[in-house]
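Only one structure is covered here, and it is reproduced in the block below.
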Amino acid sequence: MTDTTSMKHQTPLTSGDFTAADEPFALFETWLNEAIKSEPNDPNAMALATVDPDGLPDVRMVLMKGFDTEGFVFYSHIASQKGRELAANPKAALLFHWKSLRRQVRIRGNVTPVTDAEADAYFATRPKQAQIGAWASKQSEALESRFAFEQAIAKVAAKYIIGEVPRPPGWSGWRITPVRIEFWHDRPFRLHDRIEFRRDAAGQKWSKTRMYP
């Protein structure tokens with residue numbers, strides 16, 4: 001077994017006291033902007049946790065494609081594992097981990113589909129090859145071979161060799177509207193800082209609690 005004790009290093013100094021924040025979205029935006037400058041890969045990557053009909057959890061990395069005070073948005077195939085699980089149980093948890101900053105943000109909330117207009121607008125911004133891939137992929141289904149996938153991609157590419165690629169009807173997005181947002185920052189000797197914002201429903205006022213690490 002690898003001894004990870006020596007991998008621990010001193011937390012970089014940061015300015016300000018994030019525990020003084022009185023609402024979560026502005027704090028999240030500040031942390032995300034700092035992560036964009038610091039993280040080498042995908043600062044908008046987040047772990048998305050859902051639950052299947054048997055109560056067995058699923059988790060996977062996805063990319064957040066937008067956020068505001070209404071919630072956190074991501075896109076995928078509606079018939080994928082995550083899409084089916086969210087249709088059956090529209091609740092989810094998210095985790096952002098920014099290793100370079102020694103920070104993480106945990107989010108729990110209710111999930112609703114984005115509008116067709118939102119999905120269309122985002123899909124139009126994707127590179128054409130990614131748009132073609134969305135048509136060719138039957139996400140979460142069994143795939144015979146990589147060659148079969150490449151054939152499907154080539155077939156779609158030939159169909160849309162000229163002009164715009166429309167959004168597939170089975171591809172859309174979801175918005176996670178949070179009722180819990182927790183901010184955690186590493187400190188020396190595991191004496192970390194941790195605060196949680198909570199509310200019972202969207203639109204209500206947030207309450208803040210400082211938590212033991």
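Glycine is no exception: its Cβ is also placed from the backbone N, Cα and C atoms.
The model shown is predicted, which means the values in this text are computed figures rather than measured ones.
For the substrate site, Swiss-Prot lists TYR122, ARG126, ARG190, LEU191, HIS192; matching the candidates LYS37, LYS65 against that entry yields LYS65. Cα separation, VAL62 (FMN binding site) to LEU191 (substrate binding site), rounded: 30 Å.
Considering only the binding-site residues ARG126, ARG190, LEU191, HIS192, no residue lies within 10 A of TYR75 (FMN binding site) on a C-alpha to C-alpha basis. When the neighbouring Cβ atoms lying within 10 Å are counted for each of the binding-site residues (LYS82, ARG190, HIS192), the highest count belongs to LYS82. Sequence-distant contacts of ARG126 (substrate binding site), defined by Cβ-Cβ distance under 8 angstroms and a gap of at least six in the same chain, are ALA134. In the three-state DSSP assignment, the secondary structure recorded for HIS192 (substrate binding site) is coil.
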